[in-house]
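A.B. asks: To start, I am sharing the structure in question, which I have written as structure tokens.
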Amino acid sequence: MGANVSLSRAIEVFEHVAATYPGYQYLRVLQSHWKMVANVSVRNAGSWAGNLMLKHKHPEFPSDIFLTLLGAGAQLTVNHADSPSAIQIDLEQFLQTDMSKSVILSVTLPPLTQDEQIRTFKISSRAVNAHAHVNACFKMELDPTDGYRIKRKPLLLFGGINPDFIHAVQTETYLVNKRLTDVVTVVEAAKMLGNEMKPDAKPQDTSPEYRISLSQCLFYKAVIGFLGNRVSSDIRSAGSVLERPLSSSEQDFDMNQDTWPVGKGIPKLESTTQISGEAVYLDDIPLLHNELHGAFIQSTVANAKIKSIKPSEALAVPGVVSFVTAQDIPGRNSFVVNAGGRPDSVFVGKRVSYNGQAIGLIVADTRDIALRAAKLVQVEYEDIKKPVLTIEEALKAEREEMVMNTLTGKKEPYTFGNPEDALKASKHKLIGEIHQGSQFHLALEALAGRVIPIEDGYDVFSTTQWPTETQAAVAQVLDIPAHSINISVRRLGGGYGGKISRENVVVTAAAVAAKKVKQPVRVTLDLSTNMTLVGFNDDGKFESLKVDMISDGGYVANEVSVGFLGSRLQNVYYIPNLLFRPIIVKTDTAANTWCRTPGTVEAVATVENVIEHVANYLKKDPLEVRMVNMVPPAVPRLMASPQERNVVKEDILPLLKQKAMYSQRVEEIKIFNMENLWKKRGMSIVPLWYQHDYPPVFSYGIQVSIYEHDGTVAVSHGGIEMGQGINTKVAQVVAYKLGIPIDKVILKASDTMVGANSIVTGGSYGTDLCAHGAKVVCEGLLQRINVVKEAMKKTGGKDPTWLELIKKCYTEGVDLCQRYWTAGKEHPDNYEIWAACCLEVEIDVLTGQYLLRRADIIEDCGRSMNPYVDIGQVEGAFIMGLGLYTSEEVKFDTTTGQKLTNGTWVKNAVDYYYFLPTGEPALCCSYVVVTALRNAITAFRSANGNDHWFDMDTPITVEKVHQLCGVRPEQFMLSAKEESSPTDFSFIIKDQIPKENSENFCPLN
């Protein structure tokens, strides 16, 4: 097979050859494995030989192509520029060959005998776009008639252990002439394999302990796979890998035809241009003839003083125009104005506060030149200190601060009832702790800024969710009036809070550069701990709850949400006595910012974790404990109005259990878990109450203009379209109120003229208030237009057409434009959103991998303005939450503070404006994946004699699932009749994962 054959084409060839030629059936194994490499686009473009060259250059790269070809006994044909003939080498020889002036020509794969079998595995954080934690290939020549005796030296190949480790040589030698049906052989080989493994310990990788255990488990999986039906049925599932079946979905929603186009399910107005690639984002805007590019110089340490900056080598690069630092800022060196009370510098002044902080900006003719030159700037540091990177380290360093209590105006806890006395009087008490990790901001459009000097100021293009703040930040940094800065935002490629204030460090840096060089400059970037004390009765009903919620604010805490979570912490439950202490800590990391549903998702997770802990202590079904704690009508709660009725309890949960076939599936899961030792399923239900209050500061400008030429309508508002469908819903409202087809309505870019002083678009407030504002604007227009309409009807005897009416209004001097400001005193009433989710998972105990088998979500959306958009928002928010809780693990270099994970490696009827936001609440339901995984892990632990409580700090990665199951080689049985001693089980590996409840979670006296 030629070297230029793409991975996708190779997979097709493997499938054809395996089905056609004897001896090549094993290619189906390679075909299946190669489908897990990268993604479809990369496999279409990348060749197998290119992948091997990457492995050649980077021996630490756990190449699936290399490992599987080596296991198959492939030979490479290689030619050197100075050699008249090609040579053939195997894959291990290839790694030792000097490939300079050499090229791979082809690969030859041999046929295998019927007794030669291959099994391969790739265990990674997700199915695509991820390197393997460990990948493995096992090749054995077996004699099925003699206890599956291994005839000759097998191949046990591993990647992801360390750059030099490929063969498990000792174990390979030990297995010669051994029988796989001998359980002692299997266990001893697994132990030997564990001793032979010497994984490196890099902070960005999974732990060495996990990779050792995983290697042993993969060997066991290979053995079970080779033996097939020779092992007992309950063990047989150990040999298979989890395979995701074809996905399917069902969506139920109401459409209110009496108010169409409001309530009608229509695609987002911009969806066609987006999917066709015609939608213009900031970096798609064509360059001006004299436009320059900027590239940041970033700090490489987290807590140090800058001794010197030497840009001379960079400035000597042809095409480099200038080097910009804090000394070039004419105004204040902070890009924060209203997004917090604490300054956040554009460029470092004297001392670096976190790794990656902007030190300066190289400005050059092209982006490529700027990026290359930025690497040549030399920065020298002094007084380098070990960075504080975690909440625990910050508490130890006494960097904590109580958040202001908004009810008392003091820095003190929120108190409801008498939590101390109630706790003392409670029959049962538990204390616990939960750690929740950070969430990545990875929007499809990177942060970018573009600043163009004009005659009376600057035109600014920015990927911002808050043009008003961006305008103020640029004005502050340049020390010029706000009216000289014109900002326009057509759309964003995702926001989720990451473009509220963080965007402004990019645009203010571009502004300083543009002012210095007097040319347009464009800059585009590349791509909590909670402690609880609870008292409860025999039924699990809360009597008192004390919560310390500690949030990492980064080096400057301008955007922390922990302070306003007193109400959200209660979720759907009644907690008669509650003490809530919100605390922020300062670390030597970049300032943390808002992310979708800020704080609420962590608050909901905290109380749901308490529910799970109480249920475990009482040995009750968690759903039973949830039901007994449901908030009844008319009772007061902390920072929450009494409920008229509990919609989750009375409406949503009964419907959810029916539609999800909950009771039936509970029994099916019990049977499955009894019949499968190494795969377990779990299911859980998590309910949600989401309080949606309108802060008075959330106001937007809206203008509607009707054109007399053809009656078309243009709308501009202060909100930002970033994929959530705000423009579509506003257009629907305008079309409905004016009584015209929606295709006569167009939404213009948001700017700081019509939308002057508008607040940030976030928290699901933007769509609500802009749609409300559009309604008010149209009603004002209609008051004037209808006067003319009635006169025309009286004169002509019939209703005029829309165009006739608009032209008449124009000739009568009627103003066909109107603006409205959604002032806080005119906001709609606050309201609540109720929802619940039922989720089923299946875990592979031996690897820690898991599948989400089925999810059922019901959310009360009121009367949806656009079911298509809202369904997408619910599904998208839920999936985003799954990522938060399962795979988004942020890791730092503990010495330099460098972030190492920075790449991709239910009906309500009021009026038709009673629609509820869908962009954020469903994310809170996603904690159900944690509780469902707990259920599955508990099934394995309980089956092996351990039903104690265990911590599940998020994200719940495959490594954590595996470690919580605590697999040991002594458990590697081939028959259900074989038994292991209880001492063979190690459910918790000390210092790797949270301690057992015997140490951490014990009743308090």
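Here, residue 1 is simply the first one shown, and the rest follow in order.
Cβ coordinates are placed from backbone N, Cα and C, and glycine is handled just like the others.
From a predicted model like this one, the values you see are computed outputs, not experimental measurements.
These came from TrEMBL, pasted as-is:
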type: DOMAIN; residues: 1-114; note: domain 'FAD-binding PCMH-type'
type: BINDING; residues: Ser47, Trp48, Ala49, Gly50, Asn51, Lys122; note: FAD binding site
type: BINDING; residues: Gln465, Arg596, Gly763; note: Mo-molybdopterin binding site
type: ACT_SITE; residues: Glu920; note: active site, proton acceptor
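Each of these features: where is it, how hidden is it, and who are its neighbours?
C.D. replies: Counting residue by residue with DSSP, the domain 'FAD-binding PCMH-type' (1-114) contains 52 helix, 20 strand, 42 coil.
Cβ environment of Trp48 (FAD binding site): Met1, Ala3, Val5, Ser6, Leu7, Ala10, Ile65, Leu69, Val107 lie under 8 Å away, each six or more residues apart in the same chain.
Within 10 Å of the C-beta of Arg596 (Mo-molybdopterin binding site) there are 24 other C-beta atoms, taking all protein chains into account.
Taking Cβ-Cβ distances under 8 Å and a sequence separation of 6 or more, the neighbours of Glu920 (active site, proton acceptor) in its chain are Arg596, Thr597, Thr600, Tyr690, Gly763, Ser764, Ala877.
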A.B. asks: Taking the residues the record says bind FAD (Ser47, Trp48, Ala49, Gly50, Asn51, Lys122), how far apart in Å are the two Cα atoms that sit farthest from each other?
C.D. replies: 20
A.B. asks: Write down the Cα-Cα distance for Gln465 (Mo-molybdopterin binding site) and Asn51 (FAD binding site), rounded and given in Å.
C.D. replies: 40
A.B. asks: Around Ala49 (FAD binding site), how many other C-beta atoms are within 10 angstroms of its C-beta?
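C.D. replies: A count of 21.
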A.B. asks: Same-chain residues six or more away whose CB lies under 8 A from the CB of Ser47 (FAD binding site)?
C.D. replies: Ala3, Asn4, Val5, Ser6, Leu7
A.B. asks: State which of the following binding-site residues has the fewest other Cβ atoms within 10 Å around its Cβ: Gly50, Gly763.
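C.D. replies: Among the binding-site residues Gly50, Gly763, the sparsest Cβ neighbourhood within 10 Å belongs to Gly50.
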A.B. asks: Write down the Cα-Cα distance for Lys122 (FAD binding site) and Gln465 (Mo-molybdopterin binding site), rounded and given in Å.
C.D. replies: 40
A.B. asks: Tell me the Cβ contacts of Lys122 (FAD binding site) under 8 Å, same chain only and six or more apart in sequence, or just say none.
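C.D. replies: Expected: His33, Met36, Asp64, Ala132, Asn135.
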A.B. asks: If we count other C-beta atoms within 10 Å, could you say which of the binding-site residues Asn51, Gln465 has the fewest?
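C.D. replies: Output over binding-site residues Asn51, Gln465: least Cβ neighbours within 10 Å is Asn51.
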A.B. asks: For the domain 'FAD-binding PCMH-type' (1-114), report the average pLDDT of the model, please.
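C.D. replies: Averaged over the domain 'FAD-binding PCMH-type' (1-114), per-residue pLDDT gives 96.
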